[in-house]
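This report concerns only the one structure given below.
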């Protein structure tokens, strides 16, 4: 409302001409007033409509720019309403200037309403002189803005906001107009009614616009969600219509499967079926399907395209019983098809395995009735599979422990867990055999089945029992070897010590024969152990680097004493082409050579024995060497030679009575030679001696060839270990041994060689001894009470200053496992009981000399 309290001549400074009416004009004047009111209201409605659509669209963005634009826009509309107001007379103008202010408050809050009101008042002040009426207009606007802002902020309901805001406008107009006493009451009432009605119209219009925009936003949101759903669905969806020419056209196409196949929506959308990049066969098939679908039939089919297998659905959409379009949906089933193919292949393999298995494979229901069985079960029962179905296992075979079968079957079904047990079964005419039975539950789509695998373990059990027997025999032999070697060690050792004393010739003869008898017994034990290993295929050959000359030298040392006793000449020769360094098993090579040489010594009373080595063939990596042991002994006939390599036999039983032995030495040597890739042969003539020759394959590294330094032809070999004793003289030795006799023997032998000896009864005492005195070497028994030799060695090695002290195991156990365990515990070497003093001195000399230098 504009209240004009200035003469008509001043008011006409407004740019447009305004008709001035009095209260007493005729009907034409009333018509003109109504016309101007309608024009003012029309301006307001049009302006508010377009501005509100803009404001409603951007209502979510409530920043300062939005509030500023709301205030400026509504202030401009208010100025237009003032400009086109209805002039009742020179002092009174009716307009709807407050409605834009209320709209600004609705959209932009107090700030926007204040900006709109300020613009309107500024325009009002600019077109009229400043007077009392001008200030009344300012006060009215300020009061209304405050009231509208307060109502908008306090109330949440849209209609309550508008209702209270319009009531506050009427109240402000009436109060200010009444207090100013310059506007007649009927005019105030008319102005208030006009603003109230105009405000209600605008409120309804805005409500309509807001609801419309909300619906449009919801529609847009739904469309966006549908578009996203179509886009991100794993499959593919499309809409197909039929145009007036009867051609099928894709209108919508979306989905990730489309992108996976290398396509895009624009490749299909808007295109006819004939224009799509498909094979002619595919187009023909799809057209046939679409023809049927447009007749009202739903179609499903599988197809392959671009390496994908898809499951497709063509769904007709009806309108008034007519198909107007088709929804096409496609799902990628490539992985499922691969899984099905793998499953089918797996089932085929399973059926093949089941049908060709040597085991009985049966499936049962939960009541124990057979529902399937493999062919071999029916063949063994001599029954067709049809006659087996529906029967229990106990109806077909005799289970020795039926209670065990029933219990295990019920437990597997009740707990859904695997059950495994062994039992004996009598199958038709077969003898009672042992079987391992495995019962496992199988869930087939909610239907429980029990699968039993019945495996014949009779042969395995027999083999296991045989293996257990062999192991028991091996343990027995090892234990007996240990138990026998311990007293033999005492016998040989004590006789050796006795031999060093002053004896008569008869006594020396007795002692010598005692030593020979003990060593013969020892050889018998060794032969039996070796033969048992060979018989059980448990001989494992080493593959290590060794010095062949050292092997020959050690052999010379071991047999020289006996050769000297019989006044025999020993000859050793190694051909210049034979490599000095070889890779193989020196222990087994020495064993063969020692067996053959001892045989030669045994059966030769005069003359000589020769041991030689020569190259048979040589390659880049391998070399085959021939070893010969020849003697001038009693020889053999051809008949005797045929029995030579049979276990527990000799060429002549009279030989056994005269020379002794087990008849195993040559058998062991022959088997060892064959294990090492060679052979053992003999050439002999009765009364003219024998020559045993064997070949062995080694690896070599082209090392320097060696010239033999062993005794030359025609010389008798004598062994003098004085140089070794010189190194050992005054050496301090710790002897760890629990057997008193063995302590005595070892201590006296060591002392005789000039060594100082301390004795510990067990490993625990040995650990204490080494902490109080420095030793040149430690001789360690393995089996002792309180602490064995292995643990004692580990504890001694834990001391920093004892890490390099030589420790020599002295054991009556010759098993290879024990020898490996000795080295793993940290010992440097081992000597077997009964020990040869010369061998013991040799090991001590080598280790002590190495530790000193």
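Using N, Cα and C of the backbone, Cβ positions are placed for all residues, glycine too.
TrEMBL annotations: computationally assigned, not manually curated.
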When you get a sec, could you say which of 10-31, 164-185 is annotated transmembrane segment by TrEMBL?
-> 164-185
Averaged across the domain 'Response regulatory' (732-848), what pLDDT does the model get? Just tell me the whole number, please.
-> 89
Three states by DSSP: which one describes residue 781 (4-aspartylphosphate)?
-> strand
Using a 10 Å radius on the Cβ of residue 781 (4-aspartylphosphate), the other Cβ atoms enclosed count 27
